[in-house]
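See below for the structure under consideration.
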C-alpha cells in the first residue's frame, strides 16, 4: 500500500511538520484576518487595527475573498490549515448586514464557534493622537456587564474574546509590562470595546498612581447571528492530556490559614540505644550495669 502522506525530504520540512504536531503545551494561538469580497473602507480599517493589536500572532490577508462563513466553511478551514491559525476574523459589508465582522475559532481545523458582530461606531488607532503600546504587548482583559455571566451566547463570546486577545502564556509578570488594557462592556444589547494605555505616575509611596489613557481602536458592536458548538463537542475541545494534570501528592495537608503540613511515617525508635555525648557524669555505675545484665558479675581473683 502506498501511504497518502509523503515523508519530508529535507530537514527544514521535517522541522515545519514537527512544529504543527500536537504538543502537551500548545503554541500561542495565531489569528487570520480575512477581508470579504465586498468589504468597505470601515471594515478594512477595523481589520488593520485589530491586526496591529494582535501582532505578531496574526496573519492579514489583503486580497478580497468571496466567501460566506455561515453558509460554506470550507475556505476558512483551508486557510486555517494553510497558515496554521486556530482563530479568525472575517470582515464583510452588504445592504442587509452593513459593517459585518465574524469572529470564530477552530478545533482540529474545523469551525468550532462563530459569532457575527455588527460595527455601529468605529474610532481608528490613527484618529486618537496618543502614544501607543509597543508591538506584542500582552493585554489585560476586563469584562463588565451581567450579560457575560447570564446569557449563554454572551458567555461564549467572552470565552472567544479571551482566546483571541490573550496573547502568549508567560511565567512571570513585571509591573512595567502591565501597560495595555482591553475593556469590554455588555449593556443594552451592545458590546463596547475600548483600549487604554496604563500610565504609572508618582504617588509618593511604593505603589504608583494609575491613570488610563485611551489609545484605540474603539468599537461599538451589536450581536447578530451565532454558530455555537454542541455541548459534547465543546467539552471535547476543552479536554486536556493526562500529562498536564498535576500529580497528587500524598501525606500533605493544608489548614484554613494555608499552612502546609507533611506526614512522615517512621518506625518506633529505641531511645536507650541513642548515641549521646560521652561525659563522666552520664557514665553508668557498676551497679547499674549489673542490674541491666540481670545479676552481679563475679569479682576477679587477685593474682598471687
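Note: Cβ is positioned from N, Cα and C throughout, glycine not excepted.
Copied over from TrEMBL:
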COMPBIAS  242-251  compositional bias 'Basic residues'
COMPBIAS  275-284  compositional bias 'Basic residues'
DOMAIN    29-232  domain 'Brix'
REGION    242-304  region 'Disordered'
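Mean pLDDT of the predicted structure over the domain 'Brix' (29-232): 88. Under DSSP, residues within the compositional bias 'Basic residues' (242-251) fall into helix, strand and coil as 3 helix, 0 strand, 7 coil.
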